[in-house]
């Protein structure tokens, strides 16, 4: 049995294959996922697992350089936005870097998911609970 925190074989495989600047998406239950992009569906029911739970586990094994959010999250889901920024700040401190965060429209966000290595779907059912994580390097 794998000893690390991340036990899901599909998620672990995607993270292990990431190169510098490759992207993965962690999303809520409603984000449309492009047919050509690998879909890893972790959603069991509404709210299980949460977006932040999935983000927390994935980022324990992924070196993150930057993150992309839909600009709508700021007004439409401010509580989750604050929690997400806090989690990214804490991750950056743990990694020894500053994770840059950029914002694009939700339409542009959906288009950008086509360029991701995978989309990991959570059971989150709150608006704009989505992030594109851009891989960094550990050296």
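Numbering starts at 1 and runs along the chain as it is shown here.
Including glycine, each Cβ sits where the backbone N, Cα and C put it.
Taken straight from Swiss-Prot:
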ACT_SITE  20  active site, proton donor
BINDING   28, 106, 128, 129, 130  substrate binding site
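Residue pairs drawn from 28, 106, 128, 129, 130, the listed substrate binders, are separated by up to 13 Å at the Cα level.
Counted over every protein chain shown, other Cβ atoms within 10 Å are most numerous around 106 among the recorded positions 20, 106. Distance from the CA of residue 20 (active site, proton donor) to the CA of residue 128 (substrate binding site) is 26 Å. Cβ crowding, taken as the number of other Cβ atoms within 10 Å, peaks at 128 among the binding-site residues 28, 128. Spacing of residue 106 (substrate binding site) relative to residue 20 (active site, proton donor) is 24 Å (Cα to Cα, whole number). One way to see the shell of the substrate site is to take the Cβ centroid of 28, 106, 128, 129, 130; the remaining same-chain residues with a Cβ within 8 Å of it are 27, 30, 31, 70, 72, 73, 77, 109, 126, 127. Long-range Cβ proximity for residue 130 (substrate binding site), meaning a same-chain Cβ under 8 A and a gap of 6 or more residues, is found for 25, 26, 27, 28, 31, 51, 69, 70, 73, 109.
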